[in-house]
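So that you can see what the record holds, here are the features copied from TrEMBL:
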- 24-503: domain 'Major facilitator superfamily (MFS) profile' (DOMAIN)
- 20-45: transmembrane segment (TRANSMEM)
- 65-88: transmembrane segment (TRANSMEM)
- 100-119: transmembrane segment (TRANSMEM)
- 164-190: transmembrane segment (TRANSMEM)
- 213-232: transmembrane segment (TRANSMEM)
- 346-364: transmembrane segment (TRANSMEM)
- 370-391: transmembrane segment (TRANSMEM)
- 403-427: transmembrane segment (TRANSMEM)
- 439-460: transmembrane segment (TRANSMEM)
- 481-498: transmembrane segment (TRANSMEM)
C-alpha cells in the first residue's frame, strides 16, 4: 500500500531558505566544530606529552610516548566515538532526535574538561585518566554524528538539503584549524613567558614545569564553543519527520513547523507512518530488499575513507618530521616543537582541509553526491600515488614544497569528496524510523576504519631498518602510502553503489511513499 506525503513534509521540502535553516546549521555545526577540535587536538600534543612524561635524562633523545601508550592516546577517543555512534544513532530513532541531542553536548563538555584535568604528574596516572576520559569524550562526539546529520536533513528543503548538511560537516574543518590556532597562541605565550634552551643544551630545562599546563589548556579549550550552543540546542523543536512519521503526532509536527516556517500549514487527521502499515525493521527481509545495497555502500565507503583520512590526520606530525619539514627534536625545546607542529598543520588545514569542505558546500547540490564522491576518491588515489612513487626524491632537502603541496591536495579532495559525502548520504536515503540508526551504523563502520588507520599506520610506517624506539620494523612510510592509495581506490569502486540523492525528497529516497506492491503514491 502506498501513502501520500504529508502536507507538513511537503511544506518543508519546498520551503524557501530562511533564517531557521542558518540557525540550525550554526547550532548543529558548532557541535561538529567541537567534535573536530576534540578528536584532532590530541595529535598536536602527543609529542609534548612524550617529552613531559617519558624523557630519560640518561638518553640523548627527547622522550616520546611508548608504542602502546601512543596508540591508546590517539585511538581511544575513536573507540568511544564508534560506540557512541551506534548507541545514540539507535536512541535517536527510539526517543527522538532532540531528546538526546543535549546530553551528547554535556558529555563532550564534561569529559573535555576532565581530560585536561587528568590526575597527577606521573606518566601512568596521567595517561590512564586521559585515556579514560577521552573514551567518554569520544562517546559523546559519536552521538553528534547521526543526530546532527539527521536533524539537518529533516529540517532542510530538498533543493538545498545537501548544502546545509555539508555546511554542518564543514565546521569540522574550522574545528581542526581552530585547534592549531589555539595551540600556536598558547605555545607562543608560554615560550615567551618561560624561555627554555633546546634539548641538546639542557634536557631537563628544555621541558620546563610550565609545559604541563600547556597541553591541558589546549585539550580543555574546545569546551567553550560547545557550551555556548547548549541553550539553543534545547530550544530547537523536534523534527517534523520524527514527530509525524515515528511518534505519529501529525498535529504536533504541523504546529511546530508552522512556527518554524512562519507559515500556515494545512493540518491532517493522519497518524503518520502508522497509517501506512510499514513496520519492518532493520534486520527484516524488506529492509534488505530496499536498502541492503545502500547500507553496504555507505558503510564500505566510509570505512575505506577513514582508514586513509585518519592515518593522514593523526600522524601529520610524524610525516612532517620524517620529511624534514620540522627540525630534529633535540634541536628544539618542548614548546618550540609544539609550535612548529601546530604551524605546519595549520598550513595544511588552511590550504587543503578547510577549502575542500566549503567547495563541497558550494557544489554538492549542483554536481551531486555521487560524482563528488567518485571524483574525491579518484583524486585522492592519484595524489597519494604521486607522493608514494617519488617519495625518496620528495623527502630530500629542497624538495619538501612538492611533498607538502601534494599532501595538501589529498586533504582537499578528501573533503571536496568522500569525507563530506559519506556523512551526507546516509542522512538522506534511509526511512525516518531507521535514519538515525543507519547513519550511526555507517559512521561507526567509518570509525572502525579510523581505528585501523590510527593503530595500523603508526606501526606500518615504521622504518624497515631503523624503527623508532619501542616499535618493531614496519613496511616504511613509502609503502604505507601505497597501501593508502590502494585503500582509496577500493573506496572508488564501492562508491559505484552509492545512489544519487540530489533534489529528491527524503520520502522519495527512502521509498516511504512506496508500498510493498512497489507502486508510488
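Glycine too: its Cβ is placed from the backbone N, Cα and C atoms.
With a cut-off of 8 Å between Cβ atoms, the residues of this chain six or more beyond the transmembrane segment (370-391) that come close are 301, 305, 308, 360, 363-364, 403, 406-407, 409-410, 413-414, 416-422, 425, 477-479, 481-482, 484-485, 488-489, 491-492, 495-496, 498-500.
Below 8 A, the CB atoms of the transmembrane segment (346-364) and the transmembrane segment (403-427) form 3+ pairs separated by six or more positions in the chain. Beyond the transmembrane segment (65-88), the same-chain residues lying 6 or more positions past its ends with a Cβ under 8 Å from any Cβ of the stretch are 38-39, 42-43, 46, 49-50, 54, 100, 104, 123, 127, 130-131, 134-143, 145-147, 310, 314, 436, 440-441, 443-444, 447-448, 450-451, 454-455, 458-459, 470-471. When each of the listed stretches 20-45, 164-190, 213-232, 403-427, 439-460 is scored by C-beta pairs under 8 angstroms to the transmembrane segment (100-119), 213-232 comes out highest.
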